[in-house]
Every structure is written in C-alpha cells, then in structure tokens.
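Q: Before I ask anything, here is the structure I am working with.
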Amino acid sequence: MKAIVFAYHDIGCVGLEALKLAGYEIQAVFTHSDAPGENHFYASVAKAAAEMDVPVFAPEDVNHPLWVNRIRELAPDVIFSFYYRTLLSDDILQLPSFGAFNLHGSLLPRYRGRAPVNWVLVNGETQTGVTLHKMVSRADAGDIVAQSVVEIDDEDTALTLHGKCRTTAAALLAQQLPLIRSREIMLTPQDESQASYFGRRTAADGLIDWQKSAREINNLIRAVTEPYPGAFTFLGERKVVIWRARVLKNDSVKANGVKQEPGSIISTSPLVVSCGEDALEIVSGQSESGLYMSGSRLAAEMGMVPQAKLGNLASRVQRRRTRVLILGVNGFIGNHLTERLLRDDRYEIYGLDISSDAIARFLGDPRFHFVEGDISIHNEWIEYHIKKCDVILPLVAIATPIEYTRNPLRVFELDFEENLKIVRDCVRYNKRIVFPSTSEVYGMCDDKEFDEDTSRLIVGPINKQRWIYSVSKQLLDRVIWAYGAKNGLRFTLFRPFNWMGPRLDTLDAARIGSSRAITQLILNLVEGSPIKLVDGGAQKRCFTDIHDGIEALFRIIENRNGQCDGQIINIGNPHNEASIRELGDMLLTSFNAHPLRDRFPPFAGFIEVESSSYYGKGYQDVAHRTPSIRNAKRLLEWEPTVKMEQTVAETLDYFLRTVDPQHADNVTDTQG
C-alpha cells in the first residue's frame, strides 16, 4: 500500500518506523523546518526519512495547489499524519483512495487541538492516551480507528508523559497498521457531546497564579518543566523559574499557626510558599540568569526571606487596562460589544460615531470615552487614538443590500477607502486590528459550508453592482493579510453571519429600505403593510443571536495565547438556517403572541416581488450562506447556543416597545 506521510516530533519518527515494519511503501515524507528558538529535544523526522532513502519535503504551505498537484501525481492509497502541525486541506484529504489517518495524543474526543500532553497535566488528569482516527476537514474530529489509554502518575512531567505516549503509540500502530493495509478496520464515530478543544500554549502561560491551590500550581509546573520553558513567578522585578515542587498540606505549613497570604514565603530552608489552598515546597529552580539549583540554595542566592511575596512582576502589579478603540461604537455590533467589554474590568473603551442614542446608557461610565464624529472627517483624532490604544475595531461600514445598488461609490469610499487609512495607521503604529470582514465575501460560493481557509470567493459580473460591498471587504481582507505577512501586522478577520437582536437598526431605516431583512419585516407588521418576499423568500441564511456573536468577538479581542493572530474566523450559527419566508412565518407567530399585538393593525399577508424591482437592476441574490465554524470552535472554544426562535422574539419585542405609543395608535386608526 502506497503511503504519504506528514510527520514531526518523536511521534513522527515512531510513525515512520511503524510504517516501514508494517510493509508500507512510503512515497514521500512532509515535515517542518525546525523553528528558531524552539528547544528541539525530540528526534528529527527529516533525518529518519533520509536514512530510509525516502524523499522528504518541508514546504511553507503544504496546502498550496502546487503541492496538492504533486501529491495527486503520486496517487497514494493512504495518507498518515503523525504530529504534523499544519491542518491539511480537503483537497489533500480527498486524494488517497483509502483515506487519511491521524495519530493524536489524547483520548478523543477529549483534548482536541494543540499540546494535549501539556494540557492534561495542567488540568490534573489521571489518564490520557493516543488515538488513531480518520481525518476530516475539522481537526481531530474524524471516526476513531483505535485508541489506547496511558495512565498519568503524580510524578509525571510533560517529558515523561510524552515518553509513555510514544511507547503506547508504537504499540497501537504495530497493531492497527496491518489492519489498515488489509482494509479490515472498524470505525467508531466520536461523541461530539464529550468533545473539548485546547489551543496552543506559549511560554507566557507558565506564569504562576499563587491564588490557585498548591496542587493546581504543581500541575502547571509538571506540565511545563524541562525541556519546556518552565513555570515562573517574580520576586520584585526578578524572574524565578520553578522546575520541580511538591505539595504540602496546610497543617504543616502555617507560620505561627496562621495561614499566610498566597505567594508568601513561609520558610527558606526548605523553600516553602503559601498558595490559595495548601502550600508548595520548591524542590528546584533557578533565577533568570542563574544556574539550576535546589530550592533552599535558590532562596539564599536571591535573598529570599520569610513573609516576602512572590507574584507578578512588581512593575506590572497595577497592570494598565487594555484600551480598545471602536469606530462605529453606536452601531449594532459596537454598542453590544461595549456592553460586554465594560462587564470586564480589564478593558477601557474609546469610541467614535456620528450619534450616541444606542450607547447613551454607557456615557457616565468612567471606562467609556466617547466622541461624536465622522471617520471621514476626524482623521487626526483617529490617528491619535490608534497610537494610544491597543486593539482597533473599525466597525463603520454601509452594510445594507439596497445601498450597494443605490450608492455603490459611497459604499466603496466608506467601506474601502476610509477603512484602508485605518489599516495603514495600525501598520504604522504597530497596533492589533480586529477587522469586521463579512459573510458577503463568499458571494455565490458553491460549498455546502463556507470555510475561511478553503472556500472560493465567487462574485457576479461587473454590471451587478451589489457586489461592490463584497469585493471592497474582500480586498481589505487581502490587504490586511498582506500587511500581516510582509509587515508583521497583528490582525484577526471575523466574518459575522446574519447577526440579529435588539438595537439591530431602526424602523426609520426600514422605511427608506436601508435596514436588515428582519427589521423590514417588523416594519411591515407594525404598519399593517404586506410583507414583501423578494424572489419568493426562498433564500436561506443562518441567523446568529447577537449575544452569541458578541461573546465570540470578545474572545477574539481577549486573544488568549495569541491564538487569534493571523486568523480568519466565521462567527455564525449553522443550526439556525432558515429561508426568508420561514423567518417571516416565525416572526408572525411571535408577533401574534406578543402582549402588545392588539395595538397594531391586522396582518396584511405576504406578497412576492422581483429582486430587480425591490433592490434595483444591479442586484443579484445568493441561495444559501452557511458558515463552517471549525475555526471558532478550535481557536475560541466557542459554539452558538441561542435558538433562532428566541432571537426573533427578543428582536421583535425590542422594536415593538420602541414604537411611539401615539404613533402606533395612529397607524391603527389609519389602517382602520
């Protein structure tokens, strides 16, 4: 059986050797060039492949069409991935006749994602394992071929646990590879209800929080001790790395019978530190520039004394809040995002918009700073605040379909030209930008689900001017990506899929046709006019509750471990798919059950209209728009939870309660 192998790390070498022993014809090996600055304690896949006289490659982008074609020409029967760090595209996964298989270092579906050996130790697990599974487009989500359990002892570190997993993986592969070769495997679907995702870890994640229990801190130390960068703390301005420790119970560590504050040094020989629960004896460690030594010698070298405190870097104890600049802060996303950020004391918000009705409730908050202004005029204010702030969100855009055909040049000027200035300022001042792309960039993509990394972006002919919004946003996406690749711009692109909820827009906007679909439908119900179904309302969309969407966006801004940097993330709810006609029916049901129903006119029915008469000749519609949310799940540990019926009811309730009572009465009388 012909095999192509994607491999890295010790497990990659184990996989190669197992394939050789099982009699596979290894056509090629793909691996990674070693990253500078990384501690390479593991064996080299490139060297192992060379010793087997197998062609070996380390492309920067293995999913590039050139490499896909080269793999296609080899016509593999099977593909194996052993700790390869890049997600393989569907184009590659579909090439082998018998499929693709991956070896993952956990008992799937738990601990999908990155660094599972480290994460199980951090979380205090007593068991982990290795899993051989079929590869699908979602990382670590395919059907299971087989898995083996690895027991975790209290003294295990990431290195010893990795050794156990390596031995277990070799045994598992020796058992399963012959069955794959003879095509005799049995597959078991993963239980999605048990799935968990974990992102990559960085050296900064080793910072010790002494408020945690001694057991939790010791778990962190075990997870990141040598050969990893180590768990660390600070004595004043000096960094202290802790390599090994042991948990001591409270009764044995009270100073003068009194429990000490977390982080307080209880004794120096042995070196014992108080924790949120119990205490920790530092067995070995070192100062940032010192040698590896015992805990007591470390205490002597650094001048530690009882009751001194370990903790965060002293100069950072009063850490400055993250400053977030929101341009378009009064808009639908802007005002909901402000509300979410203000619930977290770590953030300070600076906002600009041409009005303030939606954010009036925040104007007295000392962490919210608002200026009324226009992004096309207040260039100096914007540049100054880009320099001042940490995270930039330019949310200003014309984003209603009728405007794409009615005012295409204005759409281009605002959505592209004005936002390009902001992007360039972020590059100039080295600021992180979280940019609102759009589901519109996928255009008429024919994929079942729109994938950020693989789906084609398909738009219509030039005479269909509705696409000017889509291509303006797409070009900015590409410019931002290029600035990231060439100038080191830190960015995240997020693509909202039909977010709905209170304060979406206004009924006045709907009266001139410049609103979202649900607002237009609500206006029809409020005024007693027929609901217009453009081209019959068969178009399907996936509607996302604003609270679900904002929580995902908040996690992007939070950006734990930097894992959102350089990423494109769809934020939508693929389970809430409905046609516009179905949305209208759902809205009507909610409207008829609403306590204010009797204050509004009778329902005037549905009528079908052509898109050209409603939007203009330059319009072209899209049959469906369904997001893949694998990136959001993987990077944000996020999934939408709010059902569409709840979102529709809450959105309707908001609009009905904002209608002027006198106006509502007048509407009823007029229609009567």
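Cβ from N, Cα, C; glycine included.
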Q: With ASP374, ILE375 listed by Swiss-Prot as binding NAD(+), identify the candidate in ASP344, ASP345, ASP353, ASP357 belonging to that site.
A: ASP353
Q: Tell me the Cβ contacts of GLU440 (active site, proton acceptor) under 8 Å, same chain only and six or more apart in sequence, or just say none.
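A: The list for GLU440 (active site, proton acceptor) reads TYR469, SER470, LYS473, given in order along the sequence.
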Q: What is the total of other Cβ atoms whose distance to the Cβ of ARG541 (UDP-alpha-D-glucuronate binding site) is within 10 Å?
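A: Taking all protein chains shown, ARG541 (UDP-alpha-D-glucuronate binding site) has 22 Cβ neighbours within 10 Å.
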Q: Let me know the most crowded of the recorded positions, choosing from HIS104, LYS532, ARG625 and counting other Cβ atoms within 10 Å.
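A: Neighbour-count leader: HIS104.
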Q: Going by DSSP, is GLU440 (active site, proton acceptor) sitting in a helix, a strand, or coil?
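A: Reduced to three states, the DSSP call for GLU440 (active site, proton acceptor) is helix.
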Q: Tell me the Cβ contacts of ASP535 (UDP-alpha-D-glucuronate binding site) under 8 Å, same chain only and six or more apart in sequence, or just say none.
A: GLU608, VAL609, GLU610, SER611, ASP621
Q: Can you give me the residues near the recorded NAD(+) site, meaning same chain, not ASP353, ASP374, ILE375 themselves, Cβ no more than 8 Å from the center of the site's Cβ atoms?
A: LEU327, GLY328, LEU352, ILE354, GLY373, SER376, ILE377, HIS378, VAL396
